[in-house]
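Q: Have a look at this one before I ask anything.
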């Protein structure tokens, strides 16, 4: 039974989508004014892993993730770079696709943009005004926070506590325009030099929170199965989305709320963020680290937990990933000398491991326990590859199951164009052990396996050297 931790109720709940077998999932996407950093990518990877697991479990997932292409930060960046808002956003949307593709994040069913949905945003705000949940003030439109009686139900914030801190979050001009300090902007009056659209309230642009309410309900319906994003979006962004959407439709906005943990950096485990200037972009990291290693590093921590970014943790991910790939290479190679038939006992034991994997992953996508099962699978591949007699059907059965499970983490051995250096070193070490133990059959197998991958070995008095046969 698949259970999710629902932030709305602060407990694990049995997952039952509105329509059996089909899942609607909305993930808050990036504001496209710069390259994404590792913290941004964590959200994309975490929810891609969850999506992959849902699909593995047989669900059809309609996965929508937006691009915020109108925002104060984008306008500021366009002015600093002397580029149009459109030029800035196109550049960094393309960069986002390149970076996430390198990390093997599946493309969303749809990536809607704010600019493309402006008419719907304006209509949505008009309904809120007509229903008395919003009001115009000097060209701005604000949401009446107190009118929505369930405000705070996601984050646990109390209206009285919010009121005490409201003055510290808004400037004096906003205070003068608002009927209540807690009200938030749905539409902002145009300022000189800013991009704007015509509306019933004059020229302006949407506030941040309204866009996700509009695009999620437009493309997925009034009630979504899963709404997801970073923990920093829980309040006020997701809280405001609920207020806007449920005021308009009168229906529950999202049934399950999932929030991923931060990526931290440094000795004090600070949250990685652009505002703190302590970030590492995926664009830069990809120049130094294999993308599969980055993906594995981020996809093997349970989504609600923080991840500590460090060279040591990346290296650990690389070592573990190489072990998984080596196991795959070892058993794949034995297809050459395998015989027809199968080994039922081996296949049953491996099938039981897959059941163990499902059991732990069904517990709120516990990838840390899940990857432990995968390591045991890799161990069993190595054990079987060492057998004197191996069966073709069993090898194919084990490899297909193994690949199917590993691909949930975004790792695809079939797409590897060449072996990682560490994988080569590991195979050479295994070959040296085989030679030491006078297991020359295994030693020759590893040599031939590497040769097929274009790796030439040279045994010297100082040890085994290798080079790529380009």
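Along the chain as shown, residues are numbered 1 onward.
Placement of Cβ uses the backbone N, Cα and C atoms for every residue, glycine included.
Pulled from Swiss-Prot, these are the listed features:
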type    : residues          : note
BINDING : 28, 212, 237, 241 : Zn(2+) binding site
BINDING : 274               : ATP binding site
MOTIF   : 30-40             : motif ''HIGH' region'
MOTIF   : 271-275           : motif ''KMSKS' region'
Q: Given the recorded Zn(2+) site (28, 212, 237, 241), which additional residues of the same chain have their Cβ within 8 Å of the Cβ centre, ordered by sequence?
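A: In sequence order, the nearby non-listed residues are 209, 211, 213, 216, 227, 229, 233, 238, 240.
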Q: Counting only other Cβ atoms and using a 10 Å cut-off, which of the binding-site residues 28, 212 scores lowest?
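A: Output over binding-site residues 28, 212: least Cβ neighbours within 10 Å is 28.
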Q: Looking only at the motif ''KMSKS' region' (271-275), what is the mean pLDDT?
A: 79
Q: In DSSP terms, helix, strand or coil for residue 274 (ATP binding site)?
A: coil
Q: Rounded to the nearest angstrom, how far is the Cα of the residue listed as 'ATP binding site' from the Cα of residue 212 (Zn(2+) binding site)?
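A: Roughly 22 Å, rounded to the nearest whole number.
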Q: Could you give me the DSSP helix, strand and coil counts for the motif ''HIGH' region' (30-40)?
A: 3 helix, 2 strand, 6 coil
Q: Under a criterion of Cβ-Cβ distance under 8 Å and sequence separation of at least 6, what residues of the same chain contact residue 274 (ATP binding site)?
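A: 34, 37 - these are the non-local Cβ neighbours of residue 274 (ATP binding site), listed in sequence order.
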Q: If you count Cβ atoms within 10 Å of each one, which of the binding-site residues 237, 241 comes out on top?
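A: Buried the deepest by this measure is 241.
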